[in-house]
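According to TrEMBL, the protein carries these features:
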- 91-235: domain 'Peptidase M48' (DOMAIN)
- 12-31: transmembrane segment (TRANSMEM)
- 43-64: transmembrane segment (TRANSMEM)
- 143-159: transmembrane segment (TRANSMEM)
Amino acid sequence: MIPTTWFRRLVFFLFVMEVGGGVLWAAAKLAPDQGHANLLQTVGSLVFLFGFYAGMPLVARYLAPQPCTDPARQTRLASLLQRYGSSCPVFLYEHPDKEANTVGLWPSQSRIYITTGLFDRMSDEGLIGILGHENTHARERHILVGFVYACIFALGSYASDSRTFFVVGFLLFLGLRRYMEYRADAGGALLAGPASMSTGLRELAILYPSAAWHRWLTIIMAYPTLPMRLRALETKRPALL
């Protein structure tokens, strides 16, 4: 999620709930019987998922409304992009959180959002590694992969009508997300260089220290811990658990 103010996050959450609920309500009303209602609600869920994922670049503009206009920061960003080479458009915006995110289903519409909170606390070498990581998400279409999986999950839930399927499918989704993080780190090492990617992860580990016991919660997390990501980058052997 793009870091933003609590009010904008609340408005976005309520909007998503209202649209999603409206789609399900309309599907139930249009269906001639309960069997068709479940089918139409599943189709409506797929349409809603497509709109949600495809519309994230527009949502990001709403959640990140304050672009950074500081000349020194913009000069530094331009210098970093020149060193890095070909990149998705990068949007630097004012926010104290330390975050970098990629939005967009396809590489042609992908955008990278970086907060000033992260930008100010990382070295040039580390930021180049972060650019490599985020660009890999776009190049390998990780958001599109997540969308396709969500569609398969919705169809499978309709076909099976099983709680076990829901739990297993959700855990597999978390595993897929962790795998894509490892892929983005490996791709970042190829695009930005192993030293830059390693520096970026080490600096993030300082900003977000991880306790040893955090690893035992990995199975219910969408992201591996930073020590796990560093180890995978160095050994080229990612651990999903």
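Note: Cβ is positioned from N, Cα and C throughout, glycine not excepted.
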Residue distribution over DSSP helix, strand and coil in the domain 'Peptidase M48' (91-235): 105 helix, 12 strand, 28 coil
Across the domain 'Peptidase M48' (91-235), average pLDDT on the 0 to 100 scale: 93
Chain residues outside the transmembrane segment (143-159) and at least six past its termini with a C-beta under 8 angstroms from it: 38-39, 42, 45-46, 49-50, 53, 56, 102-106, 110, 137, 165-166, 169-170, 173, 176-177, 180
Tertiary contacts of the transmembrane segment (12-31) (same chain, 6+ residues out, Cβ under 8 Å): 4, 37, 39-41, 43-45, 47-48, 51-52, 59, 62-63
